[in-house]
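Accompanying notes for the structure given below.
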Amino acid sequence: MDENKQKALAAALGQIEKQFGKGSIMRLGDNRTMDVETISTGSLSLDIALGAGGLPMGRIVEVYGPESSGKTTLTLELIAAAQRVGKTCAFIDAEHALDPIYAKKLGVNIDELLVSQPDTGEQALEICDALARSGAIDVIVIDSVAALTPKAEIEGEMGDSHMGLQARMLSQAMRKLTGNLKQSNCMCIFINQIRMKIGVMFGNPETTTGGNALKFYASVRLDIRRTGSIKEGDEVVGNETRIKVVKNKIAAPFKQADTQILYGQGFNREGELVDLGVKHKLVEKAGAWYSYNGDKIGQGKANACKFLRENPAAAMALDTKLREMLLNPAELIVEEPILSEMPQEEEL
């Protein structure tokens with residue numbers, strides 16, 4: 001670029017920053033735009049599948065799946081992980097179904113968690129937008145999109161038709177929220193439910209509620225499914241769970257994580273450490289015995305998990321080694337939301 005063009009560009013950049021604030025325009029190679037801050041999901045397998053070590057700050061995330069698949073558990077685990085590193089979290093409980101006792105068991109500090117139980121969908125989204133604009137909140141969870149009922153539907157009669165009302169409400173909210181979340185570096189997680197499309201002969205008949213806007217605006221979309229039961233004798237103590245990364249704007253998508261959710265405990269972290277440790281040769285397995293750093297840690301997986309549970313320093317060291325081995329920052333893709341590509345109201 002010649003000198004006159006450089007001067008003109010510098011003057012234009014200076015004018016833009018003066019008018020709209022510092023950081024309103026920058027070069028893509030600037031380090032500030034390349035760093036993606038993430039928060040652990042509480043599951044090592046999922047953090048690795050996401051490629052960045054967790055879910056990204058300043059972005060919209062969608063978690064969806066069938067009933068009782070672990071959607072709320074996943075978000076509560078993330079809230080607990082965020083609180084452990086000093087983040088402030090809010091939970092907008094549109095379903096009016098949050099169990100504080102269960103949240104506490106998962107490690108959530110319920111005394112510090114902000115909770116709202118809004119009456120209408122518009123109220124829920126306004127509260128979310130106000131929290132994001134405050135700059136004081138780091139993580140907002142909305143449970144769930146299906147329960148965000150428009151005011152007109154609540155005030156109307158049973159049987160009234162409100163075609164596309166919720167989709168229009170969400171589309172408008174996404175346009176407002178995206179910029180505010182980015183500026184305040186606040187993550188917003190939408191929990192969503194599954195519905196069936198009628199008359200689909202080929203392809204997947206499943207879809208999520210609330211129209212297409214959320215699909216476009218979300219930087220990460222997670223599909224969580226229960227694949228089996230975990231039994232101790234005849235008693236079912238948890239679920240085998242598979243989480244697919246359906247969309248990912250910060251690393252390679254379409255990876256999946258197989259994990260276990262234990263009732264009343266959340267993710268089976270020690271089980272993940274043992275399985276991944278054996279797979280990547282950090283934990284040795286000879287017959288039924290497991291060894292770590294040359295020392296036997298248990299006969300059978302249950303005893304190996306018990307050892308790691310009772311020795312958090314060893315568990316943390318193994319977790320750190322696995323993250324260093326399996327998370328490659330060079331693979332990260334930083335893709336900012338492009339407003340011109342977002343769906344407008346007629347595309348709902």
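Each Cβ is built from the backbone N, Cα and C atoms, and glycine gets one as well.
According to Swiss-Prot, the features are:
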- GLY65, PRO66, GLU67, SER68, SER69, GLY70, LYS71, THR72: ATP binding site (BINDING)
Other CB atoms, at most 10 A from the CB of SER68 (ATP binding site): 10
The one of PRO66, GLY70 whose CB sees the fewest other CB atoms within 10 Å, among these binding-site residues: PRO66
Surrounding CB atoms that lie within 10 Å of the CB of LYS71 (ATP binding site), all protein chains: 21
Tertiary neighbours of SER69 (ATP binding site) (same chain, Cβ under 8 Å, six or more apart): ILE224, ARG225, ARG226, ASN239, THR241
For GLU67 (ATP binding site): intrachain residues, at least 6 apart, with Cβ closer than 8 Å: GLN193
Near-site residues: ATP, ref GLY65, PRO66, GLU67, SER68, SER69, GLY70, LYS71, THR72, CB cutoff 8 A to centroid: ILE224, ARG226
